[in-house]
Amino acid sequence: MSLITKKTTGNQLPFNRFLSQIKILKLYYKNYSTLHSENPNLNDFSNPLLTKPPHSLGEPHFVVPAHNMISTQPSSRRSQSPYSHDDIVSSNKMITNYIRMVDLESAREVFENMAVKTTVTWNSMLAGYSKKPGKLKEARELFDKIPDSDVVSYNTMLSCYINNSDIKTAWNFFQKIPVKDFASWNTMISGLSRNGQMNEALELFSIMPEKNSVSWSAMISGYVEANDLDSAVHFFNKAPVKSVVAWTAMITGYMKSRKIELAENLFQKMPVRNLVSWNSMISGYVECGRSEDGVKLFKRMVGLGMIPNERSLTSVLLGCSNLSALGLGKQIHQFVCKSPLYFDTSVLTSFLSMYCKCGDLGNAQKLFHEIRRKDIVTWNAMISGYAQHGFGERAIRFFDEINNQRIRPDWITFVAVLSACNHAGLVDLGIKHFESMKRDYGIEAMPDHYTCMVDLLGRAGFLQKAVDLINGMPYKPHPAIFGTLLGACRIHKNLELAEFAAQKLLDLDPNSAAGYVQLANVYADMKKWDQVARVRQLMKEHKVVKTPGYSWIEVKNVVHEFRSGDRIHSELDLIHAKLYELEKKMKLAGYVPHLEFALHDVVVEQKEMILLRHSEKLAVAFGLINTAKRDEIRIFKNIRICGDCHNAMKYISVIEEREIFVRDTVRFHHFRNGTCSCGDYW
């Protein structure tokens, strides 16, 4: 049975109800790890000796007894120093607190100033180095100086090797641990699992003297990460005790495989759920294209008193972006303003991205300047926002600012920069940045970069250069790149190249509806109706179904969806009346319908009727009727806006004195006073 029992269209998205259920926000940051476990007293085991390590890790220096497991107990020896036990405990706590704040320098200063150090002191400092990648040398030097190292010392050092991805050294070190407890074995198994060495992890797991829930969870999680769902299911079913980690790992695995119902059933059966479990379901819904269900589950989670963390917010904000639910996103923003998470850079960057994708560039800019510690992800989000909204020059200025502040761009930065050049028609600048990636920054061009460049060249009319770029790619072209070329061919009405691109696209992806539809549109533009009919017949023969185009608008926290020629909306009569009124005013102002965008072989009057009832026009008419005069109108489409609707929006913005935002699959269009932010270059 599905977690979501009611599915609606035009969904209301109220948030105040669950906001009122939270009286006090106390958000804690916790490190979750499968490397920690309980350590009960254990008897000796009489299992066989471990005579060889996992095969890819090399031969051990010596044999390790399989019964070599102990429980970790605090030392019974007490310091005989004149220093107070309370002073030592207090200093140890200071070291621990500094480490939690990732302030190793301060922790080390306290450590060095301690006249008397216990093994706990040394282990606490070692844990700080262990948790910070790149500090392996310092950790090893510290470990070698510990006067009375215990099993915790060894386990912490082992964890440090694993956290620095030095698995071979970790294995050799594991062999040398004098006595091993559960954590020793589990740390090594988890390390192998996390590094994709599941065969080696299985070998070690099979000879482990005794296994606890952490051992089983490490194997299940490892198989999920390795995309071996069958093995994960086998271990999950076989595990005598299933921890919440194991349940959550299986939910993640099912979601990754898009087996949503199985994930839902497992979530329902969980005896205990933690925040990670909820996050796994929420993010899974969003990543599987069911953002509405993800948002609903987030609200249910908070209503039950669970306090969201950074992962929760990142997922639900991506859901808001996908749904274009700006109102809900703003309410979550108000909610987070009252919590410590408001100072978290990644959380604020998620809000920034949400505002950009929902069309509120003003709030995105304001938030960007409020973020105190900006990382490259923050800069990328803002550059991408400018690119998507068509402000190419602003995006380029931000890229220059990154270089001025000596922040190193990554491959995503260049996708954003090339997209900005593409939307603004800055061909020469785009070529310059594309060529500088490898030369100046050592970044290899990836498929997304080539797609941007093909689109940039194609839109500007350099179709042959776009083809040459595709032919010169260092790897096999992907379907999207030919879809991009096909779209450019339609703009420039190049039938021969369009047929070439369509054939290449369909060779790579025979079930691509986009390939058939784009080619049919090219034929329709050229009035080749017999060829349009042929393409549509091919779609039927191959059972390819076109994704229907639709538009939606959010008014008073309710999302209203429209399809072209919609016949079911409750306010359809009022909408049609408004459109007829607008049509008369637009024609008086000089509007002429672009009939080539009515892709049917019918008479002129029918074509005009089809155009007037395109989904984006229905949505804008509804918005004009149901919002206050001069309010901005934001419309969203699942396909590109057509040329006639683009032209009509410019007239409507003047007649109604409204600013209209339309987001399609490519970019935002800001219509104001008869012009569009794209400058009619799209």
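If you go along the chain as it appears here, the first residue is 1 and each next one adds 1.
The backbone N, Cα and C atoms fix where each Cβ goes, glycine too.
Look at TrEMBL and you will find 590-682 tagged as domain 'DYW'. Applying DSSP to the domain 'DYW' (590-682) sorts its residues as follows: 37 helix, 16 strand, 40 coil.
If you look at the repeat 'PPR' (118-153), the same-chain residues 6 or more away from its ends with a CB under 8 A from one of its CBs are 31, 70, 72, 75, 79, 88, 91-92, 95-96, 98-99, 102, 104, 107-108, 111, 159-161, 163-164, 166, 177, 179-181, 183-184. Residues annotated as repeat 'PPR' in TrEMBL: 118-153 (among others).
Look at TrEMBL and you will find 181-215 (among others) tagged as repeat 'PPR'. With DSSP states grouped into helix (H, G, I), strand (E, B) and coil, the repeat 'PPR' (181-215) comes out at 26 helix, 0 strand, 9 coil.
Marked as repeat 'PPR' by TrEMBL: 243-273 (among others). Per DSSP, the secondary structure of the repeat 'PPR' (243-273) breaks down as 23 helix, 0 strand, 8 coil.
Residues annotated as repeat 'PPR' in TrEMBL: 274-308 (among others).
Helix, strand and coil content of the repeat 'PPR' (344-374), in residues and according to DSSP, is 23 helix, 0 strand, 8 coil. TrEMBL lists 344-374 (among others) with the feature repeat 'PPR'.
The list of residues near the repeat 'PPR' (375-409) in space but at least 6 beyond its ends in sequence, with Cβ under 8 angstroms from a Cβ of it, reads 345-346, 348-349, 352-353, 355-357, 359, 361, 364-365, 368, 415-417, 419-426, 429, 433, 441, 443, 663, 667-670, 677-679. What TrEMBL lists as repeat 'PPR' is 375-409 (among others).
Cβ atoms under 8 Å from those of the repeat 'PPR' (243-273) belong to residues 1-3, 34, 213-214, 216-217, 220-221, 223-224, 227, 229, 232-233, 236, 280-281, 283-285, 287-288, 290 of the same chain, restricted to positions at least 6 beyond its ends. Residues belonging to the repeat 'PPR' (344-374) score a mean pLDDT of 93 in the model. Mapped onto DSSP helix, strand and coil, the repeat 'PPR' (118-153) counts 26 helix, 0 strand, 10 coil.
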